[in-house]
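Below: one structure, written as structure tokens.
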Amino acid sequence: MLLRFTKMHGLGNDFMVLDLVSQHAHIQPKHAKMWGDRHTGIGFDQLLIVEAPSNPDVDFRYRIFNSDGSEVEQCGNGARCFARFVLDKRLTAKRQIRVETKGGIIELDVRNDGQIGVNMGAPRLVPADIPFQAPEQALSYQVDVDGTPVDLAAVSMGNPHAVLRVSDINTAPVHELGPKIEHHPRFPARVNVGFLQVIDRHRAQLRVWERGAGETQACGTGACAAAVAAISQGWMDSPLLIDLPGGRLSIEWAGPGQPVLMTGPAVRVYEGQVRL
């Protein structure tokens, strides 16, 4: 059986997108792992699956698999690609699209300038909701990593994030600390790890070690989580411009209980077919 797919990226964070509205297949974690291999497969950070909604209040269901086969709750860069995909494939004519994810409902807005806005919903900061093991909620936590205390913020954007402030983004220990914090026992569902350098009150640089994918060119939910951490701790003010290795995202957040708004591009790379 051959399945049509589209290769897309959001700031270099790359995706294989499958339409399972007009095609029918049962996708398993082993398929994501096989196709995600950059040497023997298609190669991607995440596999995005477009499905018909199970909820009448939304337009589509959105599922996400990392290249290691793990299914995750949310992907911000993927959400922008999702919006571009369903419009390009004429699965909808709407430019404001409501999508059901494992992490909750998000709202997508395809703008006339080609940029795509995503209402990511309100961040969750209660430790049990992230999930993160801590006796009480705080702006910052200290985590022991190989006997060394590491200060970080913990935020859920529908998926778990740890945010560390660094003085130099170029020398940040992304590949050393990233996997250790990702698998830290205080994050029982594992965690995405962001390394944030604040430039001024409205600009920052970010690198992200993604759970199940390693360092990626960009991470939309990571940028949202970093913005929440930076604004909460008084380092920065909304709106923010966050530069990632793959490009820039605009993030707005009005404070606790309010949704995080992310704006950025989505690009189609090529169309293909893969055998299931």
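Cβ atoms are placed via backbone N, Cα and C, with glycine included.
Swiss-Prot names ASN13, GLN46, ASN66, GLY76, ASN77, ASN192, GLU210, ARG211, GLY220, THR221 as substrate ligands; from the candidate set ASN112, ASN159, ASN170, the record adds ASN159 to that same site. Between the binding-site residues ASN13, ASN77, the minimum number of other C-beta atoms within 10 Å of a residue's C-beta occurs at ASN13. Cα of ARG211 (substrate binding site) to Cα of CYS219 (active site, proton acceptor): a span of 11 Å.
In this record, substrate is bound by ASN13, GLN46, ASN66, GLY76, ASN77, ASN159, ASN192, GLU210, ARG211, GLY220, THR221; the longest C-alpha to C-alpha distance in that set is 17 Å.
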